[in-house]
Amino acid sequence: MKKTILINSRLSEVIASMGHTDTIAIADSGLPIPKGVERIDLALTRDIPRFLDTLRVILSELCVEEAIIATEMKEKSPETYAELLKILGNIPIKEVSHEELKVMTKECVAVVRTGEYTPYCNIILRSGVVF
C-alpha cells in the first residue's frame, strides 16, 4: 500500500504520467467535462469530497508551476477563494473568465470531479518540474 496521502489509483497514475506543462483540472460537481477528456469522478454526494480537500491531496503529489481559476470565484465564493490563496502559497495564479476556463479544460489530461456544490470551485493546475 502507498505511504503517501493520495490513494486513488487512477488519479495517482495520471499525476505520475504528467510531463512539464501538462494540465489537470479539479472541478466542482457542475462543471461540464469535455468529450475526449478523461473524467476521474470522485463525487459521492453533495460536498463529498470537497474541492479544497481534493486540491490539498493533489498538491501533495504534483509539482505545480501555475494555477488557473475563474475570476468569478473571487466574487461568488469569497471564503473558498481566500482559503485557496493560502493553500496555493507561492504558486502563481492566472485568472480567466469561467467560460475561458471551461474551454481550457479541453486540453487537460484529466478533469477530477468532486462533490463540491460551491459555485465556481474549479482550477486548472499546470505541471512544473522538480529540478
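Cβ coordinates are placed from backbone N, Cα and C, and glycine is handled just like the others.
From a predicted model like this one, the values you see are computed outputs, not experimental measurements.
Summarising the annotation, Swiss-Prot assigns active site, proton donor to HIS20. Around HIS20 (active site, proton donor), the C-beta neighbours below 8 angstroms that are at least 6 residues distant in the chain are SER127, GLY128, VAL129.
According to Swiss-Prot, the substrate binding site annotation covers ASP28, HIS98, TYR120, CYS121, ASN122, on the basis of sequence analysis. Its own atom aside, the Cβ of TYR120 (substrate binding site) has 23 Cβ atoms within 10 angstroms in the protein chains shown. DSSP assigns TYR120 (substrate binding site) to coil in the three-state reduction, outside any helix or strand.
Least packed by the Cβ count within 10 Å, out of the binding-site residues ASP28, HIS98, CYS121, ASN122, is HIS98.
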